[in-house]
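Heads up, the thing below is written out as structure tokens.
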Amino acid sequence: MKLKIEKSQNLTSKSSLAITISGFLAKILAAIYRVPYQNLVGDRGFYAYQQVYPILAIISALSLTAFPNVIASIYQKSKKTDLYLLFKFQVLSSLILASLLLLANQPLARIIGSIELAPSIILTAFVLLTVPFMSFYRGLAQAHGDMIPTAVSQVLEQSVRVIIIILAAFAYYLFDWNVYFTANVAASGNLLASLAILAYFVWKSPTTLLFLFKKHKTSFKNLGQIGWAATVFIFFTVYLLIFQFLDALFVKQSLQSSGLTSIQAEITKGIYDRGQPLLQFGLIFSSAFFTTYLPKLSKSYHQKDANYEEDSQTFFDFITYLNLTLTAGFMLILPAMNMVLFEDKKGSVALEVYLLMILLASLIQYCHQKFFIENHQKRSFIILVCGLILKLLLTPIMTFHFGIIGASLSGVIPLFIILLLYIKVSRVRIRSLKNIRYFLALSLMLIVVAISQGYLPQEERLDSLLNIFISTGLGLLVFILSSIKLKAFSQNLWSYLPFKKEK
């Protein structure tokens with residue numbers, strides 16, 4: 001019995017490490033592959049791929065994170081009937097949605113920008129058919145405490161996608177492909193990746209899904225038993241991707257309505273889309289801390305730990321300081337970063353506004369997770385829906401009047417309102433706003449970065465890269481030293497950093 005427990009603990013430990021590393025690698029791959037793609041195909045080519053990307057990314061998120069977590073939770077509660085019901089529901093939903101995509105591929109392609117994207121819609125339909133199987137393979141493995149299949153499949157899936165996408169970009173460059181044909185070939189990477197993952201699971205997984213195909217007495221009337229928690233979890237997993245999908249629907253059309261030609265609007269939308277990999281990269285840091293510390297907060301809450309509220313507030317303070325510092329610094333070096341990554345400084349102001357979403361999205365994620373821990377899912381859902389409606393209303397109006405700066409604001413304003421609503425209905429306090437010492441240290445950092453950038457050249461890509469390394473290095477050094485000297489942070493806050501003693 002003791003040996004069995006030790007084996008289980010060892011598997012859990014290995015699984016936690018594997019999923020953390022794979023998640024980090026997958027996020028880095030997701031953030032960086034679009035840079036060489038844009039460099040090879042240009043802003044218009046980047047636009048073409050980004051129009052279909054949100055749909056593919058939503059499907060990927062459902063099969064990787066959203067559904068597997070729900071499946072694992074249901075399995076652990078020994079609700080086998082709900083498991084059969086969810087599988088039946090997923091398969092039926094996938095078939096219906098895939099059929100709709102196949103039948104309406106041309107009208108849908110027109111809605112997202114061009115009929116030439118119809119092949120991508122068809123590919124998306126076939127990717128959708130793999131979701132029930134991939135999510136159940138991953139979910140059942142997680143239910144047994146084994147995250148390694150999910151970890152391996154996550155990196156494998158992202159790697160296959162990235163290879164196909166980069167090969168498509170090279171083919172465009174070498175063979176003078178059309179930007180839409182290139183985008184369609186790039187989109188095929190998702191289908192090939194999904195098929196590769198299914199083959200991996202069939203070959204390596206000790207779990208078979210055959211038991212799910214046996215006849216079971218289930219009714220869709222019982223679907224509500226799966227609950228709010230699962231619905232809200234799935235909704236939040238794809239929330240920012242829905243924002244991107246709304247951008248795909250409205251930004252180009254609004255730019256055209258404001259007077260740009262179709263090609264000018266596509267190029268401008270492509271410049272605006274540069275913000276997405278920058279946002280993903282900025283959120284990597286918060287995600288690493290959430291992965292580490294949120295399970296500890298959840299355990300503390302359910303054990304009715306007296307220190308839960310203070311620990312929760314301190315972690316919120318840490319996330320606020322981390323992301324405020326990161327966002328402010330990132331915004332200051334954005335023009336140089338734009339040059340290094342995308343070869344010019346076009347759209348820098350719009351992208352600086354876009355980067356505010358790093359801070360807002362990180363704090364919203366914390367608040368949402370806190371609500372989830374404390375079982376306030378309905379409140380969280382209502383707040384998120386309000387934000388989505390606001391985004392839907394603002395995007396066409398603000399893009400029409402203010403171009404891509406307005407498009408950026410149409411994402412920032414709803415997230416800001418969402419954050420205010422979360423804070424209003426929760427017990428979270430923004431104590432960081434009263435920390436004068438922190439703002440003094442932050443100001444010193446920004447001054448040093450700004451001065452060093454002014455003296456260093458940044459006309460060419462290599463110059464800008466050296467500029468970024470030197471200015472951010474000096475800025476970080478000044479911030480750390482001044483924070484220590486001014487005693488801007490308590491020892492509790494410092495202890496969250498990986499090089500400090502574990503909390």
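These residue numbers are counts, starting from 1, taken along the chain as shown.
Every residue gets a Cβ built from N, Cα and C, even glycine.
Annotated features in TrEMBL:
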TRANSMEM  12-33  transmembrane segment
TRANSMEM  53-71  transmembrane segment
TRANSMEM  117-137  transmembrane segment
TRANSMEM  181-203  transmembrane segment
TRANSMEM  223-246  transmembrane segment
TRANSMEM  278-294  transmembrane segment
TRANSMEM  315-337  transmembrane segment
TRANSMEM  349-368  transmembrane segment
TRANSMEM  380-398  transmembrane segment
TRANSMEM  404-423  transmembrane segment
TRANSMEM  435-456  transmembrane segment
TRANSMEM  468-486  transmembrane segment
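Listed as Cβ neighbours of the transmembrane segment (468-486) (distance under 8 Å, sequence separation of 6 or more from its ends, same chain) are residues 325, 329, 333, 336-337, 340, 437-438, 440-442, 444-446, 448-449, 452-453, 456. Listed stretches 53-71, 278-294, 380-398, 435-456 were compared with the transmembrane segment (349-368); the greatest number of C-beta pairs under 8 angstroms is found for 278-294. Beyond its flanks by at least six residues, the transmembrane segment (404-423) meets 243, 247, 251, 254-255, 268-269, 271-272, 275, 347, 349-351, 353-354, 356-357, 360-361, 363-364, 367-368, 371, 380, 383-384, 386-388, 390-391, 394-395, 397-398, 430 of its own chain at Cβ-Cβ distances under 8 Å. When Cβ-Cβ distances below 8 Å are used as the criterion, the transmembrane segment (380-398) is approached by residues 228, 231-232, 235-236, 239, 242-243, 246-247, 249-251, 253-254, 367-368, 371-372, 406-407, 409-411, 413-415, 417-418, 421-422, 425 of the same chain, each at least six residues removed from its ends.
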